[in-house]
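As recorded in TrEMBL:
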type	residues	note
TRANSMEM	34-53	transmembrane segment
TRANSMEM	59-76	transmembrane segment
TRANSMEM	140-160	transmembrane segment
TRANSMEM	180-199	transmembrane segment
TRANSMEM	219-240	transmembrane segment
TRANSMEM	261-286	transmembrane segment
TRANSMEM	306-324	transmembrane segment
TRANSMEM	336-357	transmembrane segment
TRANSMEM	369-389	transmembrane segment
TRANSMEM	396-414	transmembrane segment
Amino acid sequence: MSEMNSMNSVEPMSSMEPVPAWKKGKQEVMTQQFLLFMGAALGFGILYTFCMYQNPNGITYPVMIVGVYGVLFWMLKRLSIEWKRGSWFLASAAVLLGIAACRTADSLLIMMIKTAEFLLAVIFVMHQFYDDREWSIGKYLSSMAVYLCCVIAAAVYPFFQGKEFFRKANLKKYKTVSKVALGLAAALPILLAAGMLLGQADAVFGAIVVHWLEKILNVWTILIMIVMTAFGTFGVYCLICGACMDQISGEEKMVRTHEPVTAVTCMSAIALLYLFFCGIQVIYLFLGKGSLPEGVTYSSYARQGFFQLLFVAVMNLVMVLMNLKFFRKSRLLNGVLTVICGCTYVMIASAAYRMILYVREYHLTYLRVLVLWFLLLLACLMAGVVILIYKNRFPLFSWCLVLISVFFVGFSFMRPERVIAEYNVNHVKEWSDSDFQYMTQVLSADAVPVVFKALEDDAVLERFYSGGKKEFLVEYYDWAVSRNYQVRSSDFRTWNLSFEKAEQSFRNEGMGI
């Protein structure tokens, strides 16, 4: 009897065993259909390697972006998660950025595009899994941090899920898969033999075959491709696994409980300082009236301080949001915050005006374009903050996300280095040695066609380059094109619009490429 009692006491404990994290929620579906999910992820991993191997910004980059969202869409459908309306915007922005990447040779822009692609993918998955309509910016940023930790933690889940799947699966169902694998293995030697024969029959086809065999039949190449395939496979799989962990609370805690008296007092003092400062900006900078300190000219007065103003403008945005988050509603507080927002617009205008005057004197650079672009973006973002002051349920994060996405897509298609070159070429008579070096040794291939417009006048090159035109073309080509771009007919993946236009410009100058 005692033995039976002990056995009965054990059974409830075994039935109450905690469910492993890799089986909770929708991850149970991924475990049950592991072969399908991992197969889709592996397909993307292979596509990722094909598109991105030694090819940071070729024509296949947007293909990879379409591939990742296609796989995510398929996985979401298998998990019975409906595609939300806002997800189309995120996916479209990502594809447009992918197209922009193969139109430019600007390495900084490409890095920013890839960062934006990653953030868009993270926001896309979170938007699909959670009701984020009323999340604040702080809630979204903290949730992104939690989600990324979950994605990293989920890196081992495919192994547990695969082990569980094959332990329970009836492998007879997958005889077709094994037969397909056997067929591919049998086809490999035939493909190699036929490829060699066809390569001898056609010179162009043969060059392509030799090129790819030299690349693929290399130990380091194989290792790199395996690592890239694994990265793409586990990356897209864990993006979904991390969201399935459901570690983010959908509701945001109400923390707007503090008395507004302290905030009103503090913000009023700051607002008075800002009003005094803005008055000086209007009188001295915009209207040009009043007397400046001795030894200070209007041009030097206008050029100094735009970075400090930019910092204060961003600080004001954060201050207003903190007040709206932690202090209770108050008409007086709303009025003071509105005054601060108005002063912020004056500061943005002052910073933009100072930068424009600086550009007129010293021409455009990448940093100056970024500052002007950001000031325009900041002015639009502040409009959402003003709306939030009076309409507390206004979706500020969505407002910011849409604005930043639209602005950055426009910035990417604009190709800032080409804009810089076009502006500076219009002021070629004012160039110094540093301007010429910046145009020909700093800017990428995006600027090459525009630079050659300036060099149509031989006197321009003679002013800044002691050698002949042929020597300059060789040096310029090495800097702008050949060190970054080695496209050949045998590797269509690396085709890039900017590099192609640059090469055409060099051909038009009589350089044999």
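Any Cβ shown, glycine's included, is placed from N, Cα and C.
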Which of 306-324, 336-357, 369-389 contacts the transmembrane segment (261-286) most, counting Cβ pairs under 8 Å: 336-357
Long-range environment of the transmembrane segment (34-53) - Cβ separation under 8 angstroms, sequence gap at least 6: 60-61, 63-64, 67-68, 71, 74-75, 78, 158, 161-162, 164-165, 169, 174, 177, 224-225, 228-234, 236-237, 240, 493
Close approaches to the transmembrane segment (59-76) from elsewhere in its chain (Cβ under 8 angstroms; 6 or more beyond its ends): 37, 40-41, 43-44, 47-48, 50-52, 83, 91, 94-95, 97-99, 101-102, 117, 121, 124-125, 128, 236, 239-240, 492-496
Within-chain partners of the transmembrane segment (369-389) [C-beta distance under 8 Å, separation at least 6 from its ends]: 306-307, 310, 313-314, 317, 320-321, 324, 334, 337-338, 341, 344-345, 348, 351-352, 355-356, 359, 396, 399-400, 403-404, 407, 411, 416, 419-420
Intrachain residues whose Cβ lies under 8 Å of the transmembrane segment (219-240), provided they are six or more past its termini: 30, 37-38, 41-42, 44-49, 52-53, 68, 71-72, 75-76, 79, 121-122, 125, 151-152, 154-155, 157-158
Contacting positions for the transmembrane segment (306-324) when only residues 6+ beyond its ends and CB under 8 Å are counted: 137-138, 256, 263, 267, 270, 333, 337, 340-341, 343-344, 347-348, 350-352, 354-355, 358, 371, 374-375, 378, 381-382, 385, 388-389, 392, 396
